[in-house]
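To keep things clear, I will list the structure first and then write my remarks on it.
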Amino acid sequence: MDSAQRVPRHIAIVMDGNGRWAKKRFMPRFVGHKFGVDALVGVVKACADRGVEYVTVFAFSSENWKRPAEEVSGLMSLAISTVSKHLTKMVGEGVRIRIVGDRSHVAPAVRAALERAEESTRHNTRINLSVAFNYGGRWDVVQACQKAIADGVAPEALDEATLSRYMAMSFAPDPDLFIRTGGEKRVSNFLLWQAAYSEFVFSDCLWPDFGEAELDAALADYARRDRRFGLVSSADAAALAKA
Ligand code: FPP
């Protein structure tokens, strides 16, 4: 397979390390999140340039409400200011933005800003940026089951393909590559269903420092992986085919 074929269609990212990045510089955690937005804008552009079709980022998890109130309100304000600051550029660069997560508990002003980003970019086709906001992988499975039941899907008709249609990311292929920055090696309730066969790359880089070089290193790592989806390796498959 040539290298062009090994570019992942869909990359999921846990943007971890903003707080530590700020702490190292004796600045409040919020400053780390602000620089994290700049890193995100750069990575989305770099992904588009490399032919990646979908990028999905964990911006605010269902569990993040438990952080100090000041940090939560800082992240909410950041969502609003990010839309004001970057939306025009995103529209111009062909980025289609979608928000995934439970909107019902998001404050109206934040929700309005996020929905403005969705609305203004809905005709864009160059790259799809999904922002997981008040999202949790378990929430996603539960809400999909609830919707399927409400639709009258019979228990025996509820198979994987049917449930997938009710999941928050039903518009996208499953992530091929799952990147987590910040040195921790866990999934943290992100895209539990969708990442079943993702390749994982864990980077020690703190998210605000994650740029093109780090992205290319992750892409090179991904390109070397032998994806099996529960089957035998491609080398074994070739040997079996010859036998
Ligand atoms: C994890 O770092 C990061 C987050 C909880 C938030 C990530 C959010 C952004 C980069 C900006 C989001 C964009 C919008 C539109 C709001 P951490 O705080 O857990 O870092 P630490 O592990 O070093 O403490």
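Cβ coordinates are placed from backbone N, Cα and C, and glycine is handled just like the others.
For Asp16, the entry in TrEMBL reads active site. Asp16 (active site) falls within neither a helix nor a strand when secondary structure is assigned with DSSP, and so counts as coil.
Under the heading Mg(2+) binding site, TrEMBL lists Asp16, Glu199. Residue density at Asp16 (active site): 24 other Cβ atoms are found within 10 A of its Cβ, drawing on all protein chains shown.
Under 8 Å, Cβ to Cβ, and six or more positions away along its own chain, His33 (substrate binding site) finds Asn18, Ala22, Gly74, Leu75, Leu78. Summarising the annotation, TrEMBL assigns substrate binding site to 17-21, Arg29, His33, 61-63, Trp65, Arg67, Arg180, 186-188.
The Cβ of Asn64 (active site, proton acceptor) lies under 8 Å from the Cβ of Val72, Leu75, each on the same chain and at least six residues away in sequence. Look at TrEMBL and you will find Asn64 tagged as active site, proton acceptor.
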Length of the line joining the Cα atoms of Trp65 (substrate binding site) and Asp16 (active site), in Å: 16
Distance-selected binding-site residues near ligand 1 (C-beta under 6 Å), from Gly17, Ser62, Trp65, Arg180, Val187, Glu199: Gly17
Candidates Trp21, Trp65: member of the binding-site residues with the richest Cβ shell (10 Å): Trp21
Fewest Cβ neighbours within 10 Å, where candidates are the binding-site residues Gly17, Gly19: Gly19
Glu199 (Mg(2+) binding site) CB neighbourhood, other CB atoms within 10 A: 19
Cα separation, Glu199 (Mg(2+) binding site) to Arg180 (substrate binding site) (Å, whole number): 11
